[in-house]
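K.L.:
Before I ask anything, here is the structure I am working with.
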Amino acid sequence: MTDLTTQEAIVLERPGKITLTNVSIPKISDPNEVIIQIKATGICGSDIHYYTHGRIANYVVESPMVLGHESSGIVALIGENVKTLKVGDRVALEPGIPDRFSPEMKEGRYNLDPNLKFAATPPFDGTLTKYYKTMKDFVYKLPDDVSFEEGALIEPLSVAIHANKLAKIKFGARCVVFGAGPIGLLAGKVASVFGAADVVFVDLLENKLETARQFGATHIVNSGDLPHGVTVDSVIKKAIGKKGADVVFECSGAEPCVRAGIEVCKAGGTIVQVGMGQEEIQFPISIIPTKELTFQGCFRYCQGDYSDSIELVSSRKLSLKPFITHRYSFKDAVEAFEETSHHPLNNIKTIIEGPE
């Protein structure tokens with residue numbers, strides 16, 4: 001007899017060990033809740049970091065946790081107060097649920113709510129299951145021309161959208177992106193769509209830089225392969241002008257990149273710090289006031305970012321399909337994590353299909 005109370009899930013048992021494990025199927029307990037049948041989930045760098053290290057900053061995996069937060073699917077069940085969605089709707093889901101009455105929620109900056117419940121961030125389970133329960137306010141209908149795979153990648157795209165909004169990108173802007181990982185690639189691509197004239201990518205790895213070139217980089221700089229005495233900022237300024245960059249997206253979290261970003265940003269320019277690295281680093285703070293730089297933190301996304309991301313993809317101003325390099329069935333998800341963690345250079349985005 002089929003067990004209708006449990007479902008398979010991809011569970012991080014402890015650092016280095018992921019299993020396919022049975023967990024309870026969620027039930028509606030609040031009239032504003034929605035249950036989604038998950039159809040596609042992207043593997044995020046945070047998933048890999050929890051898998052390999054068991055923690056990110058102060059978020060520590062202390063008990064088994066379902067992984068995954070970049071997901072899309074079909075509405076399977078709705079609470080009685082849900083009027084904007086119906087069973088069968090194709091949707092993307094925002095994985096962070098704030099306190100609906102928090103000051104941050106009222107300000108439209110719910111990503112800063114200290115009580116935010118974010119999928120696959122300890123102690124909260126993620127979306128790599130067949131059915132996942134969330135709140136109606138954080139479920140977005142997908143247009144018919146946006147696939148489930150693209151719907152899953154609305155989540156990282158929203159990070160890039162948020163970063164560009166914080167940067168206040170203007171037409172003709174000169175931008176530099178440090179770190180050519182998925183978020184960096186998307187941040188640069190969005191900057192181009194928003195009207196940036198130059199998008200320079202900086203990374204240590206040549207294959208990542210070649211990928212950045214394929215995604216529209218106007219210039220690439222291999223910071224690990226410069227002649228003795230040549231600095232990153234001097235190479236960038238030679239390419240885009242000696243005044244430097246209007247906007248710097250720091251997407252690596254690495255101290256040398258933070259320092260170089262401060263050097264290369266023009267007077268009056270903006271640095272958007274997207275990457276999270278060591279808790280403490282050293283950088284030339286005196287440059288920030290003397291150049292009147294805006295040093296802007298960026299954390300996930302908030303009001304309007306998901307909707308704008310879906311519109312950008314649906315309008316075909318930006319395609320997410322080229323970012324998908326690997327696909328796995330749900331039953332092969334453990335292999336997907338092992339492959340992604342052991343061979344990251346061959347991967348931009350891995351998609352895991354939802355369970356059958």
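Each Cβ is built from the backbone N, Cα and C atoms, and glycine gets one as well.
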K.L.:
Among CYS44, CYS175, which is the one Swiss-Prot gives for the Zn(2+) site where HIS69, GLU155 also bind?
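P.N.:
Checking CYS44, CYS175 against Swiss-Prot: the Zn(2+) site match is CYS44.
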K.L.:
Which whole-number value in Å describes the distance between the Cα atoms of GLY181 (NAD(+) binding site) and CYS44 (Zn(2+) binding site)?
P.N.:
11
K.L.:
Roughly how many Å separate the Cα of GLY179 (NAD(+) binding site) from that of CYS44 (Zn(2+) binding site), to the nearest whole number?
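P.N.:
Cα-Cα distance, GLY179 (NAD(+) binding site) to CYS44 (Zn(2+) binding site): 15 Å.
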K.L.:
When the Cα of GLU155 (Zn(2+) binding site) is compared with the Cα of each of the binding-site residues ALA180, ILE183, GLY184, which one is closest?
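P.N.:
Checking each of ALA180, ILE183, GLY184 against GLU155 (Zn(2+) binding site), the shortest Cα distance is to ILE183.
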K.L.:
Work through the binding-site residues one by one (ALA180, ILE183, GLY184) and name whichever has its CA nearest to the CA of CYS44 (Zn(2+) binding site).
P.N.:
ILE183
K.L.:
Write down the Cα-Cα distance for HIS69 (Zn(2+) binding site) and PRO182 (NAD(+) binding site), rounded and given in Å.
P.N.:
15
K.L.:
Which are the residues of the chain, GLY179, ALA180, GLY181, PRO182, ILE183, GLY184 excluded, whose CB is within 8 A of where the CB atoms of the NAD(+) site average out, their centroid?
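P.N.:
What remains near the Cβ centre is VAL177, LEU185, LEU186, ALA187, LYS208, CYS251, SER252.
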